[in-house]
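Residues or ranges marked as Mg(2+) binding site by TrEMBL: ASP103. Residues or ranges marked as GMP binding site by TrEMBL: ASP106, THR107, GLY108, ARG109, THR110, TRP148, ILE149. Marked as xanthine binding site by TrEMBL: ASP106, ILE149. Marked as guanine binding site by TrEMBL: ASP106, ILE149. TrEMBL lists 14-159 with the feature domain 'Phosphoribosyltransferase'.
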Amino acid sequence: MTNQLPHEKGFHVSWDQLHRDARALAWRLDGNGPADGGWRAVVAITRGGMAPAMIVARELDIRTVDTISIKSYNHQTQSKPQVIKSPDMDLIGDGTGVLVVDDLVDTGRTLEVVRQHMPKAHIATVYAKPQGRPQVDSFITEVSQDTWIFFPWDMALQYVEPYRGTD
Ligand SMILES: O=P(O)(O)OC[C@H]1O[C@H](OP(=O)(O)OP(=O)(O)O)[C@H](O)[C@@H]1O
Ligand SMILES: Nc1nc2[nH]cnc2c(=O)[nH]1
Ligand SMILES: [Mg+2]
């Protein structure tokens, strides 16, 4: 299963922007956990969910953090999501009170796999594309389906030619 649709646009996210957006996500989630106990753990979908999950856990003062590692893409080429590492299921149970955090939802296939593992967890991403929106419970910013999101860990500062060029 592959998705080779071209990504016409690029959305470039700086560390500063990611920090602001992940904080906004945390503030949106604050107080929305189950009435009897609130959020009891954060699960990061590695690797992209790790930085946002750390920021959410810090804002909401959640110290129990686990990971589920799912690989779906090699650069911009999608394949069937593979679970490379599962979380501690004794801790997670059916997912009640668990906040699952990822950087983005695109087609939603990664989150379909997560839902099978933790049906009652709350799934939150910082960014969302329209096709994946039904799979996500909370997100901050939507971008169009033909946009590729570039994260700060995939970029570097580099020289740019002046607009007028030089002799
Ligand atoms: O909604 P989908 O179409 O399934 O795509 C979203 C997933 O793709 C990316 O992960 P990737 O597989 O690139 O692994 P990584 O997080 O280790 O970079 C991204 O971090 C999401 O987890
Ligand atoms: N970095 C990045 N990874 C993705 N995985 C699926 N969609 C995207 C995207 O737009 N950006
Ligand atoms: Mg990922």
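Cβ coordinates come from backbone N, Cα and C, glycine included.
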Mind tallying the domain 'Phosphoribosyltransferase' (14-159) by DSSP state, helix then strand then coil?
48 helix, 49 strand, 49 coil
Suppose we draw a 10 Å sphere around the Cβ of THR110 (GMP binding site). How many other Cβ atoms does it contain, all chains included?
25
Candidates near ligand 2 among the binding-site residues ASP103, ASP106, TRP148, ILE149, judged by a Cβ under 6 angstroms:
ASP106, TRP148, ILE149
To the nearest whole angstrom, state the Cα distance for the pair THR110 (GMP binding site) and ASP103 (Mg(2+) binding site).
12
Neighbour count (Cβ, 10 Å) for ASP106 (GMP binding site):
25
Site extent for GMP, whole Å (max Cα pair distance, ASP106, THR107, GLY108, ARG109, THR110, TRP148, ILE149):
17
When the number of other CB atoms within 10 A of each residue's CB is tallied over all shown chains, which of the binding-site residues ASP103, GLY108, ARG109, TRP148 has the maximum?
ASP103
Cα-to-Cα gap, ILE149 (GMP binding site) vs the residue listed as 'Mg(2+) binding site', nearest whole Å:
10
